[in-house]
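According to TrEMBL, the features are:
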- 27-48: transmembrane segment (TRANSMEM)
- 82-104: transmembrane segment (TRANSMEM)
- 116-136: transmembrane segment (TRANSMEM)
- 142-165: transmembrane segment (TRANSMEM)
- 186-212: transmembrane segment (TRANSMEM)
- 224-242: transmembrane segment (TRANSMEM)
- 254-272: transmembrane segment (TRANSMEM)
- 305-323: transmembrane segment (TRANSMEM)
- 367-388: transmembrane segment (TRANSMEM)
- 408-432: transmembrane segment (TRANSMEM)
Amino acid sequence: VSCLCGSAPCLLCGCCPSTKNSTISRLLFTFFLFLGTLVSIIMIIPGVEKELHKLPGFCEGSGSVLGVQTHVDCSSFLGHKAVYRMGFAMAAFFFLFAMIMVCVRSSKDPRAAVQNGFWFFKFLVLVGITVGAFYIPDGAFTSVWFYFGVVGSFLFILIQLVLLIDFAHSWSQLWLRNAGESNAKGWYAALCVVTFIFYAASIAAIVLLYVYYTKPEGCTEGKVLISINLILCLVVSAVSILPKVQDAQPHSGLLQASLITLYTIYVTWSALANVPTQTCNPTLLVRNSTSSAMASQPLTTWWDAPSIVGLIIFILCTLFISIRSSDHPQVNKLMLTEESGAGAGSEAGAGESGLHRAYDNEQDGVAYNYTFFHLCLLLAALYIMMTLTNWYRPDESLQVLTSPWTAVWVKICSSWAGLLLYLWTLVAPLVLPDRDFS
């Protein structure tokens, strides 16, 4: 009872080591996000989707748009509607906590107890918001919430790129430091091999994109987008090994550039998978309403390759947000986290007492910005909502799910913004020589 309703998490078994209070709290909030994601995945499975109309109040067959009564086919895209409402519930849950935790400076603030405890009541709040979301009437909700999902997904893709840049820098620094300390050339060889694998995978992916998402005649948009991103990737790779950049940032190199290139090609692939032209997009999903689909053909599952890769990246990045503070001060400032130095005394005390529990490491100051963390999870909820629905939305008749060009351009623009962000990390020490970018 104290674990579920108390002011600090003690959800550690005897075999687990002592853990920071801040880490446990972030992992438990992330668990709530993953739980909502799992429910969304289950609801979009065709066999389950057919049964969703049995939920009381979920689909009454009509709605109101700006006060005008409209009639909506209750059987249309129940899984799509369920994912949108689950995404709305998770976003509302994290937005609520983001507002509650504004300007919390340390665990001495009474609101910190709400952040780090009362998990049973938080679960009840999430369940209550979810139940209420399924009573949202059809009508303008799906169309309006689609654009919320688009903006949130764009921002989360940029957060993913920041984490990826930080991970690549840390990876390169670790291996180069190991090579310098041990005088072993194996670490340099490993760097070269991994870099070669990333670039080889990127080149193979580009070739496949040209083969499957373009045609000798037509598909001009696909050809232009692939070519532009290919050129930009070559530019950032060349800049990363310029002598002046190497002098300013000795640990910068092709490993980071190759990883960013591979991620950019993935985002390009994901964007092309949303091109609404069947001849230029062999992975385009065409589906009428559930009732029509049942009458003519089996239900089309929404699991395609870009969605699966996107789900894996989402899980890794969300866990990365939850458990790690960066070694780089600039990334910590950007992500509003701090290097873990607080709580050392508490850790020692926990070790001496032999107890395996969560100790408070935030009495002098929070280890991360509570509000920003919840906003990140809010954006993650919107991103996974869009990923599970393939960024599709119903047309004006609410009878056909279509892939809009909006999804294509949002993803492409996020890849461009990400490349510019990485390019800035390379040239910033040269442009602003008076600032410390160590």
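Heads up, the Cβ atoms here are built off N, Cα and C, so glycines get one too.
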Distal contacts, the transmembrane segment (142-165) - CB-CB under 8 A, six or more residues away: 80-81, 84, 87-88, 91, 256, 259-260, 263, 267, 313, 317, 320-321, 331, 334-335, 376, 378-383, 385-387, 391, 393-394, 406-407, 410-411, 413-415, 417-418, 421-422, 425
Criterion met for the transmembrane segment (82-104) and the transmembrane segment (224-242) (at least three Cβ pairs under 8 Å): no
The transmembrane segment (367-388) and the transmembrane segment (305-323) contact flag, 3+ Cβ pairs under 8 angstroms: yes
Stretch in 186-212, 224-242, 305-323 most in contact with the transmembrane segment (408-432), if contact is a CB pair under 8 A: 224-242
